[in-house]
Amino acid sequence: MKHLQKKNSKNPKKIEEKYNTRNSYFILYDRALVWLTLGLFSVGLIMVISTSIPISQKIYHNPLFFIKREIFYFFLIFLLSFIFLRTPIIFWEKNSNIILIISIVLLVLVLLIGHSIHGSFRWINIGFLHIQPSEICKISSFCYLASYLSRKSNEVRNNFWGFFKPMSVIITQSMLLLAEPDLGTVVVLFFTTISVLFLSGAKIGQFFIIITVSILTIILLILLEPYRIKRVLSFWNPWEDPFGNGYQLTQSLIALGRGNFLGQGLGNSIQKLDYLPDAHSDFIFSIIGEELGYIGSFLILLIIFTISFRAMYIGQKALEKKQIFSGFLACSIGIWLSFQTSINVGSVTGILPTKGLTLPFISYGGSSLIINSIAIFFLLRIDFETRLKTSQAFPRGPK
């Protein structure tokens, strides 16, 4: 009996220790980031449901076509979370070169066997899945850049060739992306890479050369392609040709104008009824403005930029703990998400020419949604490892 009592008396302590361990691991995850992301996912799903029914019925004679695919993507993201949240960041640092090579191979393959939509070869079809290599290219580039800076940060600061090496990788990817063509992703890659190199302490003179060459290249690319010239001219004054090159932008502006401050109400958009092209993907923000108004649009942008600033904060904390790869990866994710959001919103409001970029976490698109989710998993894992390192630095005293 005494033996049984002793055995049973130890069990509660073991159970308590197990509970405390699991609970502490949960606390070590950034719960604010989790809830913000889940909130955006919910808004994105609701808006895809609202915007995709008309076009699903018209093209596929099934009003739930895009909705079913979106739900499948969320289920896939849920499964991927078990892998990425449990994988140490050091794994991605060690294999960053392999991931980069895979993404470049995919960029080559999409030009050879890719599926064309609106004249752009951006998708590889594998069964019912449509893989967009340009989305994979973003996260692979930032993993490579962070890995390079963790090894060669002094070389980047003191040597032009150390600065130019990561830029040469981006240039190689950009040439393949422009062949699709996908100028929007090229702009995002260049801006994010230059911003992260600036954070690493690279000299201003090095940026001057790269930025000058980049601007001249973009101008040349616009002048060489007639459709890009038309895009720039239609963005400059879309009302000059409202039923031609300026059609999409004028319909987008009409949607935003109809929304006013409070919006027409969820599901009450008129522009999504086959007036505004890509209402469920690149131009979903216009329908958000129409249905939820300026206030709803502002709140959604506030959440996205809060996530971006949170990423920068996580990166700063990691760098303070000498976790160089983690720090630069988190910073690159924050810059990428905020810059891509700015370009998307600028395009649908007529501030910038259209670039074919999605609104992160909101627009329909499996590759975009999955890659954005993986970026969040990276942030959560980086924050987890940083907090774990901090907690281990302060050992508990004897009980």
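Note that Cβ sites are derived from N, Cα and C of the backbone, with glycine treated the same way.
According to Swiss-Prot, the feature transmembrane segment maps to 33-53 (among others), an assignment based on sequence analysis.
Per Swiss-Prot, the feature transmembrane segment maps to 71-91 (among others).
Residues 92, 124-125, 130-131, 133-134, 136-137, 140-141, 143-144, 169, 172-173, 176-177, 179-180 of the same chain sit 6 or more residues outside the transmembrane segment (98-118) yet have a Cβ under 8 Å from a Cβ within it. For 98-118 (among others), the entry in Swiss-Prot reads transmembrane segment.
The transmembrane segment feature in Swiss-Prot is assigned to 160-180 (among others); the stated evidence is sequence analysis. Within the chain, the transmembrane segment (160-180) has long-range Cβ neighbours (under 8 A, six or more residues past its boundaries) at 100, 103-104, 107-108, 110-111, 114, 120-122, 134, 137, 141, 144-145, 148-149, 152, 154, 186, 189-190, 193, 197, 202-203, 206, 210, 221.
When Cβ-Cβ distances below 8 Å are used as the criterion, the transmembrane segment (182-202) is approached by residues 120, 122, 134, 137-138, 141-142, 145-146, 149, 153, 156-157, 163, 166-167, 170, 173-174, 210-211, 214, 218, 221, 228, 328, 331-332, 335-336, 339-340, 343, 355-357 of the same chain, each at least six residues removed from its ends. Annotated transmembrane segment per Swiss-Prot: 182-202 (among others), in sequence order.
Swiss-Prot lists 204-224 (among others) with the feature transmembrane segment.
The transmembrane segment feature in Swiss-Prot is assigned to 287-307 (among others).
Same-chain residues lying 6+ beyond the ends of the transmembrane segment (324-344) with a Cβ under 8 Å from its Cβ atoms: 89-90, 92-93, 138, 142-143, 145-147, 149-150, 153, 184, 187-188, 191-193, 195-196, 199-200, 282, 285, 301, 304-305, 307-312, 314-318, 352, 355, 357-360, 363, 372, 375, 378-379, 382, 385-386. Look at Swiss-Prot and you will find 324-344 (among others) tagged as transmembrane segment, backed by sequence analysis.
Among the features that Swiss-Prot reports, transmembrane segment is placed at 359-379 (among others), with the record citing sequence analysis. If one looks beyond the transmembrane segment (359-379) by at least 6 residues along the same chain, the residues whose Cβ comes under 8 Å of a Cβ in the stretch are 30, 33, 37, 40-41, 43-44, 47-48, 51-52, 66, 69-70, 73-74, 76-77, 80-81, 84-85, 89, 92, 129-132, 135-136, 138-139, 280-282, 284-285, 288, 300, 304, 307, 310-311, 314, 329-330, 333, 336-337, 340-341, 344-345.
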Contact set, same chain, for the transmembrane segment (33-53): CB under 8 Å, 6 or more residues outside the stretch: 63-67, 70-71, 74, 266-267, 269, 272, 279-280, 284, 287-288, 291, 300, 303-304, 306-307, 310, 314, 360-364, 369, 373, 376, 379-380, 383
